[in-house]
Each structure stands twice: as structure tokens, then as C-alpha cells.
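Trainee: Got a structure for you, questions after.
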Amino acid sequence: MSTWNTKQAPDGGWGWAIVVASFMGQLLAYGSPQSVGVLYPEWLNTFQDGKGMTALVGSLVSGVGLIASPICSACVVNFGARPVTIFSGVMVSGGLMLSAFAPNVQFLIFSYGIVVGLGCGLVYAATVTITCQYFDKRRGLALGIVTTGTSIGGCLYATVQNEFIAFFGLDGCLLLIGCFALNIIACAGLMRPLHLPAYYLKQRAALAEKAEEKVLEMAPVVEDPIKKNQSVNVLITGETKDPPPPYEKSLVSYMALVRLVKKKQKEYSEYLHSTAELLQNRVFLATCVSLFAYCLGAYTPLLFLEDLAQSEGLISGISTIPLVSIMSIAAGVGKMLLGVTMDIRWMNSIFLYVFTLLGTGVALLIIPVTRNYAGLQVISALLGFFSGNWSVIPYMTTKVVGMDRLTEAYGILMFFGGFSIMLGPPVAGWIYDWLHCYDLAFYFSGSFVLLGGAGLFLAALCCQNKNQDETNMSDTESINDYDKVVTVA
């Protein structure tokens with residue numbers, strides 16, 4: 001085995017350069033998608049399309065990366081963090097620059113929603129993977145610093161995009177932001193691999209096998225007397241063994257292909273069976289449903305809150321510190337505080353997550369009755385803080401399904417969340433197109449989040465009571481057995 005694969009995590013040294021590069025990579029990639037609420041009113045004014053169709057651009061850029069996270073992770077495992085980060089930098093930058101020349105919203109859905117969204121997913125997978133390779137004991141601290149880049153990027157880009165739009169227009173803003181995103185490629189230069197990726201290992205194994213074959217071909221052949229006698233008999237009798245006909249070769253190739261298909265089919269069936277087993281866990285199923293309901297409603301204000309403030313006349317234009325910036329700052333604080341709260345021994349991760357869902361639902365329901373900009377700023381801070389509950393999800397999932405099945409369960413949760421993010425804002429936009437009012441859209445969003453939180457709370461409470469009853473029953477049975485032993489004695 002190569003020495004590259006036996007290296008241990010240094011927990012420092014060049015690892016801190018990796019942290020800085022990963023932090024900047026996430027800041028540059030997620031800055032614009034996290035502050036897409038600033039671009040949304042400009043797209044509405046430019047293309048004069050429906051709010052539901054335009055909202056699909058912002059929802060896709062967040063949801064596509066989550067749904068494609070297994071593919072992004074597979075790319076990092078096979079090709080390494082550095083090549084994937086370089087490719088993702090080209091995707092994010094190219095998608096933003098293409099969006100500057102978009103003739104309609106449908107083109108934006110492709111250039112900004114899909115291309116930039118996939119690029120962000122690749123950046124996230126690459127930066128998190130290489131950070132985990134370089135850190136073991138300080139992994140939590142390193143990942144906390146790296147993932148804060150998304151929140152800080154959203155905060156900075158909200159103000160920067162606002163100023164760029166004022167000076168250079170929407171097209172100039174997207175071109176400049178796309179140029180900034182090219183610096184992701186420079187961040188990739190610092191990502192020195194600690195382990196060789198699987199693709200290079202396979203190539204090395206294939207080259208070694210070819211070299212061995214050449215050595216065997218060049219080695220001197222020792223003549224076997226038995227084979228020599230056989231060759232003499234062949235010369236005398238004139239009988240030779242004919243080579244196999246072509247149809248036999250094709251039959252062998254066909255059988256090999258059939259075996260490969262059956263192997264893959266077996267792997268897929270095992271994966272589906274394992275997924276079905278996970279979904280039979282009531283608490284995990286309730287977690288999936290609650291995350292779906294949360295993402296369906298919680299991403300609505302990210303797009304519509306600025307437009308709501310302008311349409312209601314609470315502010316003319318966009319504030320120097322937009323509502324999206326406040327949400328991003330509060331989200332960074334929420335990630336850190338909620339993550340620290342999880343280290344408290346008596347803290348229940350499921351109930352803490354339920355608290356954030358209920359708080360988000362109440363804040364969404366208050367938005368329609370808020371009649372001043374200061375109130376929207378406070379609500380934005382609360383929504384941003386509660387959105388830091390993404391740092392609670394891995395802890396909660398570990399408690400529900402165990403550490404062995406965390407990766408599989410987390411992938412299922414990300415699929416539910418990504419699909420819901422793509423669905424929520426367009427539905428709220430279509431409600432506005434139907435009623436020409438945001439009130440029902442936010443009532444719809446808040447109600448879904450509250451229902452998701454209440455359902456998870458009831459499922460967790462029922463399972464907790466069931467576990468306590470089973471514990472009490474086992475204690476009672478042990479006492480009865482002890483009484484029987486005493487009686488017999």
C-alpha cells in the first residue's frame with residue numbers, strides 16, 4: 001500500500017491552510033445563492049414573469065446541491081478534492097456569468113439554478129471531505145469554521161450585490177460575482193491531498209498489472225519435456241486444437257455482462273431494502289417528514305422577505321444591511337450556539353430540533369401581521385438563528401439510527417430536504433400570483449413547519465414513553481424472578 005494512504009490526520013500544520021482554503025471556497029460559492037433574495041426583485045422587474053416561476057431559480061440553486069450530494073461525494077472519493085474544487089469553481093463562475101446574459105427566466109433556471117447549484121454541491125462535498133481528512137481530534141472546530149463560510153458569504157454578498165446592482169446594473173453584478181467565483185480555483189491549489197483518490201489507485205493498480213504482464217512475456221521460457229512430447233505427437237498425427245469460434249467469445253462476453261448486471265441489481269436491491277428498514281423506524285420517518293415540512297416553509301422568507309418589504313411600502317429599495325444579511329449573520333451564530341448546546345449532557349437533540357421548528361413556524365406566522373421594517377428585521381434574526389438547526393441534524397440522526405447507519409440516513413434526509421427546498425418557494429410564489437398577497441403564502445409556510453415540529457415531538461415522545469415502559473417491565477420481571485427464587489429457597 002502507498003504511504004499516501006497510511007498517513008494519519010495531522011490535526012494542525014498544513015491542515016489550517018486547508019481550513020482557510022475551504023472556508024474561502026464555501027464563502028465564494030455560497031455567497032450569491034445564500035443572498036439570492038437581493039437578486040429576486042431585480043429578476044421580477046427585468047423579466048416581468050410570475051413570482052412562482054422566478055422563485056424556482058432560487059429554490060433550485062439550494063435544492064439541487066442537496067439532492068445531488070451522493071453524486072458529489074462519489075466524485076470527491078474517486079477524483080480527489082482538488083480536481084473537484086477546480087471543476088466546481090468553473091461551474092459556479094460559468095453559471096453566474098451565463099446568468100448575466102439570460103434572455104428569460106427559463107434560461108436562469110438552467111444557468112443559475114442547476115449549474116451554480118451543482119457547483120455549490122461539489123464545493124461543499126470537497127471542502128468537508130478534505131477537512132475531515134486533515135483533522136481528527138479537532139474535527140468539530142475545523143468543520144465549524146469551514147461551514148461558517150456559507151453564512152458569512154451570504155451576509156457579505158447581500159450588501160455587495162446590492163451595491164453592484166446600484167452601480168453596474170443586474171448584468172454587471174452577475175459578471176463581477178462570477179469573476180469573484182473564479183478564486184475558488186485558487187483555493188483548490190492549497191488542497192494538498194492526504195490520501196490518493198480511488199481513481200488514481202485503480203490506475204496505479206492497472207499500470208502495475210500491465211508491467212507484470214510485460215515482465216512475464218520477456219522472461220525466458222523453460223521447456224517442459226511433457227509439453228515437448230505433446231508437440232511431437234501433434235507433428236506426427238497432424239492433429240491440432242482449433243481456436244474457439246467467434247460466437248463462443250461473444251457468448252463469454254455476454255455472460256460476463258449478465259453477471260455484472262446481476263451484481264449491480266443485487267446491490268441496488270440491498271440498498272432499497274436497507275432504506276425501507278430505516279423508514280420503518282417511526283422517529284426517523286417523522287424526522288424525514290419534519291425536515292420536508294421545515295424546508296417547505298423555512299426557505300420562503302429567504303426569497304420573498306425583501307420583496308414583501310418593498311411591495312408593502314415598508315422601505316424604498318433595499319436597505320444598506322438587507323434582511324438576507326441579518327438572516328445569514330444570525331444563522332452563523334445559531335450554528336455555533338446550537339452546536340455547543342448539543343455538548344450538554346442532559347440535552348435531548350430531538351427536542352432541541354423540535355424547539356427550533358416550532359420557533360420558526362411561529363415567526364413565519366407573525367410575518368403577515370408585521371407592519372414595520374424593524375419588526376421584519378427582528379423576525380429575520382429569529383429565522384436565521386433557528387436555521388442553524390442544520391448543525392443539530394447529524395447529532396439527532398446518530399441518536400435515532402446509530403453511528404453505523406449515519407451516512408445512509410443522512411443521505412435520505414438530504415434528499416427530503418433538497419426536494420422540499422425546490423418545491424417550497426415556487427408554491428409560495430404561485431399562491432401570490434393567484435391572490436396577489438403574501439399573507440396566505442406565509443400562513444401556509446408557517447403551518448407546515450409547525451405541523452412538522454409537532455409530528456416529530458409526538459413521535460419522539462411516544463417512543464420515549466414506550467422505552468420507559470419496556471424498562472419498567474424488565475425491572476418488574478426481574479423482581480418477580482427474584483421473589484420466585486426466594487420462595488423456592
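Positions of Cβ are set from backbone N, Cα and C atoms, glycine also.
Please treat TrEMBL annotations as automatic predictions, because they have not gone through curation.
Below are the features listed in TrEMBL for this protein:
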type: DOMAIN; residues: 18-464; note: domain 'Major facilitator superfamily (MFS) profile'
type: TRANSMEM; residues: 12-32; note: transmembrane segment
type: TRANSMEM; residues: 52-77; note: transmembrane segment
type: TRANSMEM; residues: 84-102; note: transmembrane segment
type: TRANSMEM; residues: 108-128; note: transmembrane segment
type: TRANSMEM; residues: 140-159; note: transmembrane segment
type: TRANSMEM; residues: 165-191; note: transmembrane segment
type: TRANSMEM; residues: 283-302; note: transmembrane segment
type: TRANSMEM; residues: 314-338; note: transmembrane segment
type: TRANSMEM; residues: 350-370; note: transmembrane segment
type: TRANSMEM; residues: 376-397; note: transmembrane segment
type: TRANSMEM; residues: 409-428; note: transmembrane segment
type: TRANSMEM; residues: 440-463; note: transmembrane segment
Trainee: Please figure out which one of 140-159, 283-302, 440-463 racks up the most CB pairs under 8 Å against the transmembrane segment (409-428).
Mentor: 283-302
Trainee: In the same chain, who gets a Cβ under 8 Å from the transmembrane segment (376-397) while lying at least 6 residues past its ends?
Mentor: 147, 284, 287, 291, 298, 301, 305, 308-309, 314, 323-324, 326-339, 342, 349-350, 352-353, 356-357, 359-360, 363-364, 366-367, 370, 406, 409-410, 413
Trainee: Grab the same-chain neighbours of the transmembrane segment (84-102) for me: Cβ-Cβ under 8 Å, and only residues 6 or more beyond its ends, written as numbers and ranges.
Mentor: 25, 28-29, 32, 72, 75-76, 108, 111-112, 114-116, 118-120, 122-123, 125-127, 170-172, 174-175, 177-179, 181-185, 187-188, 191
Trainee: Counting Cβ pairs closer than 8 Å, which of 12-32, 108-128, 314-338, 350-370, 440-463 has the most of them with the transmembrane segment (283-302)?
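Mentor: Maximum Cβ contact count belongs to 440-463.
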Trainee: Let me spell it out: take the transmembrane segment (52-77), skip the flanking residues so only those 6+ beyond its ends count, and list any with a Cβ under 8 Å from a Cβ in it.
Mentor: 33, 36-37, 39-40, 43-44, 84, 105, 108-109, 112-114, 116-118, 120-122, 124-126, 129, 197-198, 299, 302-304, 411, 414-415, 417-433
Trainee: Quick one: find which recorded stretch in 12-32, 350-370, 440-463 has the most Cβ pairs under 8 Å with the transmembrane segment (108-128).
Mentor: 12-32
Trainee: Other than its close neighbours in sequence, what residues sit by the transmembrane segment (350-370), given a CB gap under 8 Å and a spacing of at least six beyond its ends?
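Mentor: For the transmembrane segment (350-370), the nonlocal Cβ contacts are 283, 287, 290, 293-294, 297-298, 300-301, 305, 308, 338, 341-342, 376, 379, 382-383, 386-389, 392-393, 396, 399-400, 438-439, 442-443, 445-450, 452-454, 456-457, 460.
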